[in-house]
Amino acid sequence: MAEERRPKQCTVVLPTESMKAMAESIGVGQLQEESCAALSEEVSYRIKEIAQDALKFMHHGKRCKLTTSDIDYALKLKNVEPLYGFQSQEFIPFRFASGGGRELHFYEEKEVDLSDIINTPLPRVPLDVSLKAHWLSIEGVQPAIPENPPPAPKEQQKTESTEPLKAVKPGQEEEGSTQKGQGATSAEAKGKKDGLMRMKPRSTHELSVEQQLYYKEITEACVGSCEAKRAEALQSIATDPGLYQMLPRFSTFISEGVRVNVVQNNLALLIYLMRMVKALMDNPTLYLEKYLHELIPAVVTCIVSKQLCLRPDVDNHWALRDFAARLMAQSCKTFSTTTNNIQSRITKTFTKVYNNCWLDDKTQWTTRYGCIAGLSELGPDVIKTLILPRLTVEGARIKAVSDGPVVSNIDKIGADHVQNLLLKHCASVIAKACPLPDNVEQYRADYGYLGPMLCSHVVKARAQAALQAQQVNRTTLTITQPRPTLTVSQSGIGGSGGSRTPSIIKVPSSLTLMSTRPGTPTQPSPPATKYIVMATSSGSSSTQQVLWTAVLLGGIQKIALFVNP
Amino acid sequence: MAAVQDGQLNLEVEKDIKTEITNDGSGNINANSSSPGSTSSGGKSKSPAGSGEDQQTLLAVLQFLKRNKLTESVDILRREAGLSADADDSPVSESAGAGSGGVPSVGADGGDANSLLSRVSIATPVAPPATAPPKVVAASGGEDQPDVNVVLSAYSQQGDPVLYPLYYNGLKKFIESVLDCHRAELSQVFYPLFVHMYLELVYNNHENEAKQFFEKFSGDQECYYEEDLRILSSMSKKEHMKGNETMLDFRTSKFVLRISRDSYQLLKRHLQERQNNQIWNIIQEHLYIDIFDGMPRSKSQIDAMSGSLAGEGKRDANKAKVFYGLLKEPEIEVPLDDEDEEAENEEGKPKKKKPKKDSMGSKSKKQDPNAPQQTRIPLPELKDSDKLDKIMNMKEATKKIRLGPDNLPSICFYSFLNAYQGLTAVDFTDDSSLIAGGFADSTVRVWSVTPKKLRRVKSAADLSNIDKESDDVLERIMDEKTASESKILYGHSGPVYGISFSPDRNYLLSSSEDGTVRLWSLQTFTCLVGYKGHNYPVWDTQFSPYGYYFISGGHDRVARLWATDHYQPLRMFAGHLADITCTLFHPNSNYVATGSADRTIRLWDVLTGNCVRILTGHKGPIHSLAFSPNGKFMASGATDGRVLLWDVGHGLMVGELKGHTDTIYALKFSRDGEILASGSMDNTVKLWDTLKAFDDVELDDFTAATGHIHLPENSQELLLGTYMTKSTPVIHLHFTRRNLLLAAGAYNP
């Protein structure tokens, strides 16, 4: 590795073009090629020297990031005047421009209106330095508190669940724990530090008293009646880094809970349990893969179950199905790998159920709704391949319910929901997939009963997409707006030297706004002259605008400083 | 002294001028006594030099002496000038004797401590005598343009540039063909040879050849020289060499190699057979080959010791005796606090405590044979408050937890929040009641971590109103209105890189980029003194464990020893070849350790100002040092992520602790020395079993004499624990008196 890099180090020098650009910026027009080469070598050397000194300041500042002030101090060390007031919001504040065969990085200095600055409200005062103490370790064991990193990092949990083969034989584990004479709780920590013996930590089945209390409190709060308490409990589940050991209990709690409450049609509790699942999934320190075999059935139950509540005509169990479907999609996205194939297995499950109800008219609308919701959350591809082909049949069925004799209120509501669901999900997919124009008749032919409604939804979706696109456009416009004000031209090498007068012209901002597509550099270059074009306003060709600017002046010099050795 | 050695001295001076050996480990204040050290190297390089050249240098020396009005010496030199040809060879053996002989005599001086006391405490500083400043300048690089030319001119002798790669290749082939046991040793020659050949090519304006030479052979060099190679590679023109510090280092100091006699003979024979004068010249002029008798060293032995900017330390450099023992604690009658005792007895651990206390008592009564004399350097007398503190300390010590592999310390972590990447230094007081932080915005902040708030002393006008006879006068002088948990000290004009509390908690030192060290009062929270002496950033400063003295070191490569009541340094320790990055007092205050960016650690004798140890082995700039509480061992951490353990008495590396992946900024031994804690940029605190580490090393007489030690690969066994922080680099560690580990760092979200 080092050998590859070293020869490169030897040869990295600034391009001679940079020297030319810099010379031009201070009014030296014709610089010999040789002097450019000599200069660039010298400058590169000095820059490397300064960078090396700056690194010293970085090390002593106990940072891993080089800052502009480090470079200032390094310059001071060499008795060179530091750069005053160079600061940037971005990590690499340089813009790139090319044109006329030249490539250029420059530092963009915006012109600032003083009155704007004066009128803006003061920014918030940054918080003062403060000191906070916590236990990093108590007698050799790191407590699982938010101030400490999670005891078992997510990566480790992941490797454990995906590569269980790495587990070590029990004999070695015994040895490891007796050797250090520590309790079982620290077996995990040891697994981390003994890089040689990667042992599968023995999962502790005994929770400490505090953990038991915590578990009791949390589970009670989650299914209890006080909403504020529940919010707190869920918040704790979603953020606490020390839950790793309690995960099996939670997952059992959830799966058992769902099993019981589905039978009892207790909608509220089911919703609470699903929220717990969501909180667990949100916790950045937990890796749930090992517990999916318990969680997924519970979630799927909440999606497709025939009945989830006591009064299906009044209660909003649809929301629960939607929520659970989203959860399902989320877990598919996170945990699906080539080995476990969660996504495809889930898709198959839904399709199977769906096929059943397709064949069988008797299937509840609720289950049908669940299947469609579950499938459509999995993404537009799934919708396209699995749902769109069935729209006609589904449409006919809905029509039968809504037009036909009123069989039951429940069916009617169910059909309604399914219809809305289909329209919602399919419209956006069709809007993307099908070409314009939207023809009602065409839609009717393609999708049957749902066609006309679908058509209007698609039109709406398209309008919305267009609106959004416009907004995006507008934002880019505001970002790029200051840029096209400055263009660079004519550096007249070999031309008539006398006529070239560097000037700074500020293009009125109205002019730039007229140009509909800023930022696309066009190239009005006659062969003899060289241009460095940052951007031009295409409409105003009569005024060849803006040449050398302070931007380049200051900018290039600063670029020079940031070329790393 | 000068009169006795006159003849020899003149030769030495001459050498100093010719090769500008400014610092041979002992180049510092005591200009005269320092030269014996340099003779040992000078004598050897002498023989090949032509006699015509000698004549010239003699003349130059004469001029120099005249200019400095050293007429006596001039006469002697004149007299001896005719004999100089004969005198050439003789000093080789003699000077070695003088080199080692010089130090014990210095030690004998130490007996006369009373006179020294007056020398130090009376305002006439012993420090910079007339000869010191020019030397210092030469070492610091930068402004010394005239010297550079002298230095560079040594490169003017040149051969055919085209032949350089051939020479190098020839040697490479030869070394690859020798017996295995010699190969590793001889391979050490590659790097210095490569560097000097490259520099010679560059100096003689063979830019392209130099580039090719570099590209061809830079890949062969050991990976730990990569950083220096990077600097070298950027140097491609003669003009660049001027004022380049790394360049100067290579020139002004000889690269030291340790090679067994057999291997050396082999190399010598080969070069003479081939008539390979180019390489031979370089070896003669720029390398110092320390020849030893015995088995050639193995590759791993060599790798463990090499890596510094100028090769290994010479064996002679580590021969001086170091009194590493602790000073006898003054006897203080501990008033038996009956209530306290009984209260603890009820807690039920009386058995453990009693014997420990006895052992403490006996320890303080016996004089450690390795300890320096109590009065070797003058130390401030104990004040009443110090005695009180000592008593407190002893009481706390009785409650100390015994640490060990089965009994790891608890770690309390102090995170600095909202520091915006600006925290640069941290220190705790010994009793762990105050924390100070140095920041990049030039401020120093002090926090109280006990419920006791920080208060200022009242203004002079208010103080005059206080009844001085009252019992609680110490309470009354404090201004209650100013009580707060933290105080900010303004005064520096650059980032504060080093910070240190005085042991009595009355003062705070801070060193900064602005080149000053400031002394702050923690009674009034104002700046008392700004010590100016370093012109460049001061990277670190540290109070002596007995107060009064302090050490500072920085970019100018000179460590300075100060006393708080002198505005000029008492000692200047010059010798490092690059920035001094960290400084530390030995627990007995008689020695000072400095770590440097030249990847060596040096131990300096405070009394004489001599460098008594040069420890090499790190492969990156050293950023942290720690002495074990018994003063016998030292630990050092560097940017290479390794902790090295040293035996101070023998000047030997005794352990290597691998595990960190980034710069180690903090090291600390537990109060009993059983555990070493290390904190690093990689956001971890690691605990190491040092008892085991020191036990595992078997020190027989041979290894002690030669310094060729076999390091056991046992980092994994010694590692007792790793504790990750949440994206918070650990930049300071401290064991409280009860062996609780405190760590500090700034949280970087």
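Each residue, glycine too, has its Cβ placed from N, Cα and C.
The compositional bias 'Basic and acidic residues' annotation in TrEMBL covers B:12-21, B:357-368. According to TrEMBL, the feature compositional bias 'Low complexity' maps to B:30-52. According to TrEMBL, the compositional bias 'Gly residues' annotation covers B:98-110. The compositional bias 'Acidic residues' feature in TrEMBL is assigned to B:334-345. Under the heading domain 'TFIID subunit TAF5 NTD2', TrEMBL lists B:160-287. Annotated region 'Disordered' per TrEMBL: B:1-54, B:85-110, B:334-387, in sequence order. Residues or ranges marked as repeat 'WD' in TrEMBL: B:416-457, B:489-524, B:531-572, B:573-614, B:615-648, B:657-689.
Panel annotation: around the repeat 'WD' (B:416-457), residues 389, 392-393, 396, 463, 477-480, 482-501, 503, 505, 508, 510, 512, 514, 520, 522-525, 731-732, 734, 736-737, 740, 742, 744-748 of the same chain, lying at least six beyond its termini, place a Cβ under 8 Å from a Cβ of the stretch.
Per DSSP, the secondary structure of the repeat 'WD' (B:657-689) breaks down as 0 helix, 20 strand, 13 coil.
The average pLDDT for the repeat 'WD' (B:657-689) in the predicted structure is 92.
Residue counts for the repeat 'WD' (B:489-524) under DSSP, helix first, then strand, then coil, are 0 helix, 19 strand, 17 coil. Residue counts of the repeat 'WD' (B:531-572) by helix, strand and coil are 0 helix, 22 strand, 20 coil (DSSP-based). For the domain 'TFIID subunit TAF5 NTD2' (B:160-287), residue counts in helix, strand and coil come to 99 helix, 7 strand, 22 coil, using DSSP.
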